[in-house]
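Notes for the one structure printed next.
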Amino acid sequence: MAQTQGTKRKVCYYYDGDVGNYYYGQGHPMKPHRIRMTHNLLLNYGLYRKMEIYRPHKANAEEMTKYHSDDYIKFLRSIRPDNMSEYSKQMQRFNVGEDCPVFDGLFEFCQLSTGGSVASAVKLNKQQTDIAVNWAGGLHHAKKSEASGFCYVNDIVLAILELLKYHQRVLYIDIDIHHGDGVEEAFYTTDRVMTVSFHKYGEYFPGTGDLRDIGAGKGKYYAVNYPLRDGIDDESYEAIFKPVMSKVMEMFQPSAVVLQCGSDSLSGDRLGCFNLTIKGHAKCVEFVKSFNLPMLMLGGGGYTIRNVARCWTYETAVALDTEIPNELPYNDYFEYFGPDFKLHISPSNMTNQNTNEYLEKIKQRLFENLRMLPHAPGVQMQAIPEDAIPEESGDEDEEDPDKRISICSSDKRIACEEEFSDSDEEGEGGRKNSSNFKKAKRVKTEDEKEKDPEEKKEVTEEEKTKEEKQEAKGVKEEVKLA
């Protein structure tokens with residue numbers, strides 16, 4: 001499969017300002033506030049100018065039950081801290097209460113996480129972006145009818161199901177320190193999704209992900225597990241990740257990739273025991289990106305929150321092919337990053353218990369399994385189901401300028417690099433406003449026009465022919481989940 005180096009690709013990014021308000025409870029290691037810290041840091045690096053930012057819709061119960069059981073989702077919708085006593089049996093049944101506590105806004109939190117991942121998949125399916133990013137997603141432990149490992153709704157599975165409407169084969173890669181058990185379980189018997197997980201194994205949550213777990217039935221050899229020991233460093237990780245992923249790409253030939261970027265595999269993580277730096281972790285993103293496939297990047301674990309924000313900010317920059325300085329810009333959470341106030345972290349002096357012999361032995365075993373794969377299974381072409389979410393609204397230039405827009409619409413209006421300066425103020429006019437935005441938007445250089453031959457044409461409803469409308473409603477012939 002062809003690789004490209006340094007190719008600029010269109011990136012869209014999903015974020016809701018409310019996500020940082022959710023709180024698992026005192027002493028709980030999972031802190032949604034880390035998503036807000038990440039967002040604030042990448043804003044202050046100016047990365048917002050280089051990508052489209054969207055506020056996700058709140059995924060509804062119908063979307064979630066494309067994978068999860070009806071009674072489990074109904075339970076998540078109903079449970080609250082003030083009515084827990086009425087649901088004690090169901091809490092036990094659905095594994096909610098300890099690692100996965102009941103907290104205020106639990107279901108809304110799941111809606112935002114899931115909404116961003118599903119919307120990202122729809123964007124990729126419509127070829128409206130090359131890379132989609134949702135750092136609030138990546139909750140890989142959730143099962144069909146059970147919460148697990150701080151995860152309630154498996155946004156990854158739901159996003160992959162959406163991708164499968166348009167893509168014959170989807171590759172899932174997991175670089176979280178914990179095994180991606182929930183995603184593997186969901187696709188264990190299909191040959192249309194390959195799951196690849198690099199994780200700590202042996203007396204460590206969730207206890208799954210043995211080298212010998214390879215899938216079943218049609219899915220035999222489509223689950224790939226690389227069990228690791230404590231202390232793996234950048235050099236060792238790169239030495240296994242690149243050859244394994246190259247072989248996977250060659251044998252499976254996916255047409256879309258989902259990369260779970262759990263940052264608990266970093267050195268110094270509160271719950272982790274690996275020794276990766278941010279650069280080492282991001283090399284995985286860079287390598288997967290080089291295959292030039294539609295890519296969904298998701299969050300996941302990460303419990304030293306200052307390093308989570310550093311890591312996901314840097315990996316957003318990698319997706320954008322943008323260099324950012326090691327000196328952190330001033331931001332709302334600047335004091336979290338002391339005493340050095342730098343982007344990158346140093347590895348610790350912990351021992352790497354993964355010897356070269358051990359890593360080579362596991363790698364060769366995985367290669368043997370991958371050689372058992374038939375080359376790129378074919379899939380029957382079928383009419384595709386409709387998208388999970390409706391079309392985005394039309395051109396803002398056609399809107400009534402006297403009508404106040406919603407916060408959601410406002411969040412989608414992102415300044416491109418050439419449109420605004422670093423400052424929030426433009427000359428004597430003070431703050432940026434909608435009319436300035438529109439004027440700037442209309443100004444296009446000849447260069448840009450050459451780069452963007454498929455420039456959107458402004459078309460009014462009256463100009464659309466009935467024939468075009470009929471065509472838009474037509475059923476596309478594409479693949480359907482077998």
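From the backbone N, Cα and C atoms, a Cβ is placed for every residue, glycine too.
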Among ASP99, ASP264, ASP269 - the residue Swiss-Prot places in the same Zn(2+) site as ASP176, HIS178: ASP264
Among ARG212, ARG229, ARG270 - the residue Swiss-Prot places in the same 1D-myo-inositol 1,4,5,6-tetrakisphosphate site as GLY27, LYS31: ARG270
Inter-residue C-alpha distance, CYS261 (S-nitrosocysteine) and CYS273 (S-nitrosocysteine) (nearest angstrom): 16
Which of CYS261, CYS273, all modified residues, has a Cβ with the fewest other Cβ atoms inside 10 Å: CYS273
Alpha-carbon distance [CYS273 (S-nitrosocysteine); LYS220 (N6-acetyllysine)] in Å: 30
List of residues, in chain order, with Cβ under 8 A from that of LYS74 (N6-acetyllysine) and at least 6 apart: ALA61
